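Asks: Next up is a structure, given as structure tokens.
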Amino acid sequence: MSATIEREFEELDAQCRWQPLYLEIRNESHDYPHRVAKFPENRNRNRYRDVSPYDHSRVKLQSAENDYINASLVDIEEAQRSYILTQGPLPNTCCHFWLMVWQQKTRAVVMLNRTVEKESVKCAQYWPTDDREMVFKETGFSVKLLSEDVKSYYTVHLLQLENINSGETRTISHFHYTTWPDFGVPESPASFLNFLFKVRESGSLNPDHGPAVIHCSAGIGRSGTFSLVDTCLVLMEKGEDVNVKQILLSMRKYRMGLIQTPDQLRFSYMAIIEGAKYTKGDSNIQKRWKELSKEDLSPVCRHSQNRTMTEKYNGKRIGSEDEKLTGLSSKVPDTVEESSESILRKRIREDRKATTAQKVQQMRQRLNETERKRKRWLYWQPILTKMGFVSVILVGALVGWTLLFQLNVLPRLTDT
């Protein structure tokens, strides 16, 4: 099975057909209604205007006045895998995010982006980074940090999610891949697979509990890559026929735009081919992935890491160690990436608009609070003024009565 995919990979590489294959997938993908995402009251719950959940597969918040969240349930029955793919939470949707995690009985959150990338906000800080808990009063949840395990390119947090109303608590694993660039790919299949199997070992992807929540910034590019590779490897482990293109098209029926670039598609093939070695019974492969990923090194500077990974995958710096492991060149054939670049520029504009909108919303909230305080003062001012006037009269009367008492009553008592 992996040999077939490897031959397909080599042919696509030799013929420089990654761009045409990506366009084929995009053109063959079905477009389903996504009306709820466009409702006026839901506009501020979407990070990007062009990334919306389909109506038939969107996750619905239960017991909420508005059940909308930009999240999709991707259900691959033959692999017994279910994922919730969602956008990076906004400041005003963090509370909805944790409500969804609770209601869906999720055991793990897989985060594939950083909160800020290339000076653009990609995701709100929805989990605590120190001992102070985060409280989300709107939906009645609090989150505490229990532990943190920092590796060179990913971090694992253990979080305690508490339902404030019932007092019930759950432990949530938070797997954070910290060096995967937007519209890009991980440094190598080995490092990615080491991370994927770390998530797998936690049992969080198993079907005996709620679906794992997978997110990046938009919830389609990096999230789609992660889900596609995991699904294909599960099917290979089950001995099923694996057609990567058809599986991706099937997954795109649940959430639009999964995998955003030809590079991400190519990397998915590389990771599937490399991951298939584990399904063949190579007991030492995971150990080699861990060694090649160099996860135990100290985390590097984010900016230099981001640049290194981009150069490496564009063929300017080739990882020789990884090539020895996979037998596949990490150099990508030159392709016309105009559509991807235009999407990236559009995404940057959307990020700026979203950041501006958030600042405007915060300013409006401050102005509204100031206006409420002013109205309260205007309401109470005449009452307090009258009360003050009455108090002055009462005090004056009391003082006058006291003086009158001293002048008239006390002399009589003295004479007596």
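Going from the start of the chain as shown, residues are counted 1 onward.
The backbone N, Cα and C atoms fix where each Cβ goes, and this holds for glycine too.
Annotations per Swiss-Prot:
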ACT_SITE  C216  active site, phosphocysteine intermediate
DOMAIN    5-275  domain 'Tyrosine-protein phosphatase'
MOD_RES   Y22  phosphotyrosine
MOD_RES   S52  phosphoserine
MOD_RES   Y68  phosphotyrosine
MOD_RES   C216  S-nitrosocysteine
MOD_RES   S293  phosphoserine
MOD_RES   S298  phosphoserine
MOD_RES   S304  phosphoserine
MOD_RES   S320  phosphoserine
MOD_RES   S339  phosphoserine
REGION    371-410  region 'May mediate interaction with STX17'
Asks: Kindly assign Y22 (phosphotyrosine) to one of the three DSSP-derived states: helix, strand or coil.
Replies: helix
Asks: Which whole-number value in Å describes the distance between the Cα atoms of S52 (phosphoserine) and Y68 (phosphotyrosine)?
Replies: 11
Asks: Between C216 (active site, phosphocysteine intermediate) and Y22 (phosphotyrosine), how far is it from one CA atom to the other, in Å?
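Replies: Cα of C216 (active site, phosphocysteine intermediate) to Cα of Y22 (phosphotyrosine) measures 20 Å after rounding.
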Asks: Which of the three DSSP-derived classes (helix, strand, coil) applies to S52 (phosphoserine)?
Replies: coil
Asks: Which residue, of the modified residues S52, S293, has its CB surrounded by the fewest other CB atoms within 10 A?
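Replies: Result for the modified residues S52, S293: minimum number of other Cβ atoms within 10 Å at S52.
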Asks: What does DSSP give as the helix, strand and coil breakdown of the region 'May mediate interaction with STX17' (371-410)?
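Replies: Final tally across the stretch: 40 helix, 0 strand, 0 coil.
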Asks: Counting only residues 6+ away in sequence within the same chain, which have a CB under 8 Å from the CB of Y68 (phosphotyrosine)?
Replies: V36, A37, F39, E41, N42, R45, R58, K60, L61
